[in-house]
């Protein structure tokens with residue numbers, strides 16, 4: 001199955017838009033790490049959104065979204081403010097109920113499952129605004145990340161693993177989380193999500209408000225997390241940085257899927273650059 | 001976010017007198033309070049002892065009820081105005097259960113079993129009513145403006161009072177129950193009453209502290225109090241945790257109802273409003289949302305009231321409520337977050 005870069009302004013998306021014939025993707029001129037036609041070859045689909053519609057009251061936030069994540073991928077969902085990116089992640093995590101459409105995780109329909117049970121399935125999120133527990137210590141925050149787990153050994157191992165990923169957190173382990181800098185709080189939010197031992201990690205704007213050097217660190221860490229076997233769905237406004245580490249990208253605009261394709265192709269595509277990468 | 005947010009209004013304002021003047025003034029007021037306590041103790045040692053015992057007894061009751069206010073406020077920032085009236089209903093249940101059902105008349109060490117039965121039943125009653133109120137009323141209003149659940153709580157308070165006021169429940173006058181106390185009396189205080197109150201209250205307070213500080217449920221409560229979405233993303237059942245908090249608060253109010261009935265041997269539909277307001281004040285004084293603060297605030301108010309009413313240099317019972325609130329006002333001026341309340345240091 002091919003996933004061409006195309007525009008699908010309306011109607012069910014995921015199909016090739018006008019002007020871009022299906023099968024025309026993966027051309028030799030584009031430097032894709034893997035030909036687009038082979039996306040997910042030999043891999044299981046871990047997450048699938050089918051014709052997803054989510055609204056706040058009468059305002060539709062996500063419209064007919066189709067999205068697929070294969071095991072072991074970094075998939076990024078980019079788009080401007082208010083495009084519906086966070087809404088999509090909140091729906092996957094069960095914090096919002098879709099108006100219609102399905103969220104399918106590992107072959108199981110999970111919309112309608114309450115948020116606190118979604119975590120047990122292996123979907124953890126580092127949410128927008130971090131939502132760490134400010135008046136608790138770093139250590140207590142990490143403990144809460146493993147709230148649903150019973151395997152003490154596994155928790156201890158994962159705790160060690162995240163403290164190696166973010167040595168800064170080890171230095172601050174007994175500090176109240178609310179007193180840390182924004183970058184440290186972001187690290188904590190990601191580390192806390194990892195302690196749930198997710199098979200799918202949802203990251204909402206992990207680079208928001210961070211100094212450039214910290215942004216690099218966060219993105220490097222995301223690659224490390226993937227190399228350690230966790231699938232990542234990454235929501236970003238920093239499209240350039242996201243596309244650099246992602247395998248595949250979806251572009252949302254006003255709740256619609258506007259474009260999708262291998263991240264490397266998007267990076268190389270002039271029209272994408274003009275629209276989303278600041279020229 | 002802030003230590004005190006009443007009806008959606010953040011209370012950050014604080015009279016700025018300059019740090020030095022402020023400190024000196026604060027210390028002077030504290031010294032005066034200490035002086036007042038000391039001269040009471042010197043000029044009327046017997047009355048002083050009696051007052052302290054009475055103060056402890058009442059303070060323990062205030063603490064039990066104050067915990068219910070502070071825990072609910074801590075988790076969903078709701079001032080549950082119906083809480084005092086829940087306590088009042090529990091005292092009526094306790095009275096009817098012990099006197100009419102279990103046939104308790106004279107209170108001696110032999111009545112321990114009915115007492116335990118009454119405690120269990122009333123704690124279950126308090127928990128059930130409180131959880132139901134949350135489920136039926138407050139939960140629907142969780143995303144509504146803060147005034148909506150607040151007014152619902154006020155309304156519920158009137159409903160509870162109305163129920164108690166019915167002739168077949170308790171009637172609109174004070175109802176005295178034929179319960180007689182035996183045992184030694186020190187300075188007008190029945191020692192058994194005091195012991196009973198302390199023996200029931202202290203383990204309950206310790207258990208509550210343990211649950212909140214050490215258990216998985218307690219950890220979930222603290223997480224939900226700080227960030228509901230964050231807690232949900234950790235796999236914490238937010239609704240379940242809030243219900244659990246209401247259950248704990250209701251159970252404490254139930255226990256307080258039993259003790260109140262046994263100490264005062266009377267029930268009255270208006271008890272909850274008066275004692276509830278004092279208990280709420282105790283929670284604010286100690287720092288609302290803080291469990292230790294509620295207990296310290298409750299005992300402190302109990303002691304101040306008792307000393308004022310029974311001490312050698314007290315102003316008399318007419319001034320009791322006024323004195324409590326003057327202390328509250330002064331403390332709020334100097335320390336708006338309460339004795340143990342937290343200052344807001346979070347970064348956003």
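In case you wondered, yes, glycine gets a Cβ from its N, Cα and C as well.
Per TrEMBL, the features are as follows:
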- B:20-39: transmembrane segment (TRANSMEM)
- B:59-79: transmembrane segment (TRANSMEM)
- B:86-105: transmembrane segment (TRANSMEM)
- B:111-135: transmembrane segment (TRANSMEM)
- B:190-213: transmembrane segment (TRANSMEM)
- B:242-263: transmembrane segment (TRANSMEM)
- B:275-304: transmembrane segment (TRANSMEM)
- B:316-334: transmembrane segment (TRANSMEM)
- Message: Restricting to CB pairs under 8 Å, which listed stretch, B:20-39, B:59-79, B:86-105, B:242-263, B:275-304, is in contact most with the transmembrane segment (B:111-135)?
- Response: B:242-263
- Message: Pairs 6 or more apart in sequence, C-beta under 8 angstroms, 3 or more of them: is that satisfied by the transmembrane segment (B:190-213) and the transmembrane segment (B:275-304)?
- Response: yes
- Task: Check the transmembrane segment (B:316-334) against each of B:20-39, B:59-79, B:86-105, B:242-263, B:275-304 and return whichever range has the most CB pairs under 8 Å.
- Result: B:275-304
- Of B:20-39, B:59-79, B:242-263, B:275-304, whichever stretch has the most CB pairs under 8 A to the transmembrane segment (B:86-105): B:242-263
